[in-house]
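First the structure, in the form of structure tokens, and then the observations on it.
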């Protein structure tokens, strides 16, 4: 088992504190209410990485096809946490999270199970998550479909706090190779699953303002989830239809260069909290509610 020092994460914006209280009330009476927990623990090493401030640009990846595929290289090991502002402007977040005693099947199950009720989504990050309905929700519970058939080409409509900003987002999941990953490299890297996506603001769903790469791979003690977030405008995003409008749309939405750098920091904190918290509850939650023997 990987040796890690975990520390409580205790600072949440006032809107997030109020959202926690609302979520706490809403989850009462649900069979999974015991998994709604106020304590969020994160790796101390990840906190210390984020506290160092923005990363040097030389250590970042862009959303280019070339940089995406660097994530699949045999010698690629992601840093645990970090954020930066790329030219564009574009918010950048990187992370690598360890899920002890978890399997790829557990994480796939989570993405099929949690969007079916808003209260399930709040288990993931009780202070930040509001709801995450799925456009084609019937596909999530269709046992004749594979995980990939259920998720890819489907859209989650997430409402969540990132810092003190309530964001309404459409997360358009795609086959990773449609996003730029090389099929041969993806196969050779033995990735166990991807929940990668394009993301748009809810009021302009045809304008991708973000690319998210989430790749997970099992190890003897559990699994690792390696993630990259790019939010904003960048020449490499032009391969996605509508992305040429991203800079103007974000500026109109109050996300200029200064705000995007703040968003990068807040997304780094959000990612650290939500996925480490999910890792702490997923094995028991899956055992109780998946129906798996």
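Every residue, even glycine, has its Cβ placed from backbone N, Cα and C.
Residues annotated as Zn(2+) binding site in Swiss-Prot: 129, 160, 270, 274.
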Under 8 Å Cβ to Cβ from residue 129 (Zn(2+) binding site), same chain, six or more residues apart: give me those in sequence order, or none if nothing qualifies. 19, 23, 121, 122, 158, 159, 160, 161, 274
Who sits close to residue 270 (Zn(2+) binding site): which same-chain residues at least 6 apart have their Cβ under 8 Å from its Cβ? 125, 128, 160, 162, 163
Other CB atoms within 10 A, centred on residue 160 (Zn(2+) binding site): 23
Tell me whether residue 274 (Zn(2+) binding site) sits in a helix, a strand or coil according to DSSP. helix
Those same-chain residues, other than 129, 160, 270, 274, found with Cβ within 8 Å of the centroid of the Zn(2+)-site Cβ atoms are 124, 125, 128, 161, 162, 273
